[in-house]
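J.: Dropping the structure in here first, questions after.
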Amino acid sequence: MGIREFPGGAPRSKSIAVGMRRSPDVSPRRLSDISPQLRQLKYLVVDEAIKEDLKWSRSVEDLTSGPVGLTSIEERILRITGYYGYQPWAASYKREERPRDSPGPAEAQAPAGADASGRTSHPCWRCSQAQLKKIFWGVAVVLCVCSSWAGSTQLAKLTFRKFDAPFTLTWFATNWNFLFFPLYYVGHVCKSEEKQSVRQRYRECCRFFGDNGLTLKVFFTKAAPFGVLWTLTNYLYLHAIKKVNTTDVSVLFCCNKAFVFLLSWIVLRDRFMGVRIVAAILAIAGIVMMTYADGFHSHSVIGIALVVGSASMSALYKVLFKLLLGSAKFGEAALFLSILGVFNILFITCIPVILYFTKVEYWSSFHDIPWGNLCGFSVLLLTFNIVLNFGIAVTYPTLMSVGIVLSVPVNAVVDHYTSKIVFNGVRVIAIIIIGLGFLLLLLPEEWDVWLIKLLTRLKVRKKEETAEGGVDPGSGPQSKSRRARPSFAR
């Protein structure tokens, strides 16, 4: 036979199958009448042919899948027989299947977080130690990026009161890029298990430029253009600080993220994303509103144009780097930035000399140069670039970009107490629009898929909570009163 008979009676498979086909309003029998047989259900063996007929019932599959806990047998009998009005096919009783764990001794025990009826409560979301550590480092990186970027901007503004030479300041700060690779090598010696000499590490990082390494041709074709873009980006940014306040400069420079997207979409054929197009439109609208905030005066228009030019040069630098060189490891990026410092020393030094003798950027005596401000600005800019390029090793890249946005309110607070800036409605709206566009550009490419999954998960969880919040078939005063009533259906 397909189904084992219980002692002292006819096969129960037929009665169970008949009970499943009955209306939920008609109760086949009282549970008290079949209570002696409840503990024998775990020995029930269902034939394959009958199993196909009963495939729609989740309870039969659970009964034949292995040993079951006796705490949930009553509930499963109610599902099979339709007792107390339970309909397993009703949508209100459908719940998400809990994935099975691997077989083991713990299967006979109730899982952690289960209530008395055998139902498992929702697991609590817990962050692992690695995630907490990454978030902690992320907060530290955000604060470092924000403070170094805002500090360098404010210190540059303070330096120009005594030393009106933005290009010379750019050249002096870019020379400090030479320290990137030495600092990286010190970190390599301290952290890496396989220690390499400076020459070995240098040769290994030079493979980034090709099989032949760093040749003279590679230097002029792959390094020199980026050196020029680096100098232009910093010079236009510093020159704009002389024209407009640091708040406008810092918020307008955030538009470089929108320019990077537009150039990547055109040049690199990156994926088209409607939300990023909206962000680019917001950035452009913010630029126009920022210009309108000061009444389109020539002084402010020139300053805003300089900042937009600096953001454009920064975007062009990033897109060309990805197009020509691709992605770089930490050692390769450190070597590349050090090469930019060498290029600046060898080929850009002549420009500050020319500006000095033509009295475009002139200072009467070298003793009048505020060396403390120059060195402080260079250290802060070097710190900003180090954290921005190597912070990805300890935290998420998005958090580092958030630090740049947070520098805007910091500069606004400083400008409010140190300058005569007027935060009218147009300027505040422009700052909010550009900041919103910047944050939209930080969304990942699969943000829409993640959002749909999140909404679906929340919807399913809400349905589960609604179903569990209703009347439980096996507990509560209402079910007790129903159990007290005799059932005459046989």
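Quick reminder: no glycine exception, Cβ is built from N, Cα and C everywhere.
TrEMBL labels come from automatic prediction, so no person has curated them.
These came from TrEMBL, pasted as-is:
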- 1-31: region 'Disordered' (REGION)
- 22-31: compositional bias 'Basic and acidic residues' (COMPBIAS)
- 95-120: region 'Disordered' (REGION)
- 103-118: compositional bias 'Low complexity' (COMPBIAS)
- 135-156: transmembrane segment (TRANSMEM)
- 137-291: domain 'EamA' (DOMAIN)
- 168-187: transmembrane segment (TRANSMEM)
- 208-230: transmembrane segment (TRANSMEM)
- 250-268: transmembrane segment (TRANSMEM)
- 275-293: transmembrane segment (TRANSMEM)
- 299-321: transmembrane segment (TRANSMEM)
- 333-357: transmembrane segment (TRANSMEM)
- 394-414: transmembrane segment (TRANSMEM)
- 426-443: transmembrane segment (TRANSMEM)
- 462-490: region 'Disordered' (REGION)
- 480-490: compositional bias 'Basic residues' (COMPBIAS)
J.: Do any residues of this chain, six or more beyond the ends of the transmembrane segment (426-443), have a C-beta under 8 angstroms from a C-beta of it, and if so which?
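T.: Answer is 247-248, 251-252, 254-255, 257-258, 261, 275-276, 278-283, 285-287, 289-290, 292-293, 398, 401-402, 404-405, 408, 412.
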J.: Give residue numbers and ranges for long-range contacts of the transmembrane segment (208-230): same chain, 6 or more residues beyond its ends, CB-CB under 8 A.
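T.: For the transmembrane segment (208-230), the far contacts come to 174, 313-314, 316-317, 320-321, 324-325, 328-329, 332, 335-336, 339-340, 343-344, 347-348.
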J.: Report the listed stretch (168-187, 250-268, 275-293, 394-414) having the maximum count of Cβ pairs within less than 8 Å of the transmembrane segment (333-357).
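T.: The stretch with the most contacts is 168-187.
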J.: So if I exclude everything within five residues of the ends of the transmembrane segment (394-414), which remaining residues of that chain have a CB under 8 angstroms from its CBs? That is, six or more out.
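T.: Counting only partners 6 or more residues beyond its ends, the transmembrane segment (394-414) has Cβ contacts under 8 Å with 134-135, 137-139, 141-147, 149-150, 153-154, 246-247, 249-251, 254, 257, 387-388, 421, 423, 431, 435, 438-439, 442.
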J.: If you average per-residue pLDDT over the domain 'EamA' (137-291), what number do you get?
T.: 90
